[in-house]
Amino acid sequence: MADSATTHPATKDPAKGPALLSAHSLARHGAWIALALLILFNLAFTPNFATWQTLNVNLTQVCAIVIVAVGMTLVIATGGIDLSVGSLMAIAGSLAPLIFMGKILPLPYALGIALAFVVPVLVAGAFGWFNGWLITRLRIQPIIATLVLFIAGRGIAQVMTNGNLQPFKTPEFQFIGLGRVFGIPFQAVLMIVIVLAAAWMLRRTVFGRQILAVGGNERAARLAGIPVVSVKRKVYLISGLLSGIAGLIVIARNSAADANLVGLGMELDAIAAVAVGGTLLTGGRATVIGTLLGALIIQLVRYTLLANGVPDAAALVAKAAIIVLAVWLQRPSQG
């Protein structure tokens, strides 16, 4: 708010001051307000909303979105974008069953399960780093560089599985998507840990400040001695790793891996969550907690429409409208 007062002194334009303050307040607290209004609407009009079953459904549906959106937040904070997250989910989700079912190499059961958690995530991370390499080494625009894996990544996943559905029943692996810790879904616990760790990193560490500096003014960051290339590659690496984790959660929850469907449209959900949460899409300002709120809003909008008999296609229109509104609300903070 101090920045607002400096940029737009109230003494120069008394009539404009209250309106500007209101716009800034709406931009800053809009996600909380929207979430509260959605909850109140559902409590009043949606049957059986205030039940544990409804909470569980929404929580399990939103976890993968949040995890991917955290990585997207870091990428966007540097002024980039990552369109490959859904395809990286498909790659990780397709690779894991091949490992623990011994289709690549016969392995002891426990070792196969352990490697199925680790290897797919590392592979997704490697592809994420490759995105960063394309952007920093070949100087390709982020939207084009990540479009490469957006297109090719799902094809890679389909080649690995020959385009076949991979059903499985492996409780030890499925724990990541179906297990509970003290009655709380394990994927929700994992989501919270990732959100808190990323929020702390962004606000309290040198690396977090470097991310925001690169997104705010890349040239100034470079002149200040910040390793811009390294920072960019790391955020795309993190985005890839988190996409891999989300891919494992989705296939564990569904008890099957489908390279055609795992992560489909996830890049749009993640970008929407980041935008609605208040992260500046041009870089330089980011909020991981805001991204969590944004993802909850996107999920609740979808649930509200479906629960009240609105076709699923309408959720896409609503999602687009929410993104436009979120971007419009960011305008005062850039002024």
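Placed from the backbone N, Cα and C atoms, the Cβ positions cover glycine too.
Marked as transmembrane segment by TrEMBL: 26-45 (among others). Outside the transmembrane segment (26-45) by six or more residues, the chain places 276-278, 290, 293-294, 296-297, 300-301, 303-304, 307-308, 326, 329-330, 332-333 with a CB less than 8 A from a CB of the stretch.
What TrEMBL lists as transmembrane segment is 57-76 (among others). When Cβ-Cβ distances below 8 Å are used as the criterion, the transmembrane segment (57-76) is approached by residues 82, 85, 89, 128, 142, 185, 187-188, 190-191, 194-195, 198, 202, 211, 215, 235-236, 238-243, 245-246, 249-250, 253, 266-267, 269-271, 273-274, 277, 279-281, 283, 286-288, 291-292, 294-296, 298-300, 303 of the same chain, each at least six residues removed from its ends.
Summarising the annotation, TrEMBL assigns transmembrane segment to 107-130 (among others).
The transmembrane segment annotation in TrEMBL covers 142-161 (among others).
Under 8 Å from some Cβ of the transmembrane segment (181-202) lie the Cβ atoms of residues 56, 59-60, 62-64, 66-67, 70, 73-74, 77, 175, 208, 211-212, 242, 245, 249, 253, 286-289, 291-292, all in the same chain and six or more residues away from its ends. Summarising the annotation, TrEMBL assigns transmembrane segment to 181-202 (among others).
Annotated transmembrane segment per TrEMBL: 235-252 (among others), in sequence order. A Cβ distance under 8 Å defines the sequence-distant neighbours of the transmembrane segment (235-252), meaning residues of its chain 6+ beyond its ends; these are 63-65, 67-68, 70-72, 74-75, 77-78, 80, 82, 84-86, 88-93, 96-97, 116-117, 120-129, 131-132, 135, 173-178, 187, 190, 194, 211, 262-263, 266.
As annotated by TrEMBL, transmembrane segment applies to 272-298 (among others).
The feature transmembrane segment is assigned by TrEMBL to 310-329 (among others). Cβ atoms under 8 Å from those of the transmembrane segment (310-329) belong to residues 23, 26-27, 30, 268-269, 271-272, 275-276, 278, 281, 294, 297-298, 301-302 of the same chain, restricted to positions at least 6 beyond its ends.
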- Please indicate, using numbers and ranges, the residues of the same chain that are 6 or more beyond the transmembrane segment (272-298) and have a C-beta under 8 Å from a C-beta there. 27-28, 30-32, 34-35, 38, 58, 62, 65-66, 69-70, 72-74, 76-80, 195, 198-199, 202, 211-217, 319, 322-323, 326-327, 330, 333-334
- Message: Under 8 Å between C-beta atoms and at least six residues away from its ends: which parts of the chain pack against the transmembrane segment (107-130)?
- Response: 71, 82, 84, 88-89, 91-93, 95-97, 99-101, 149, 153, 170, 172-173, 176, 233, 236-241, 243-245, 247-248
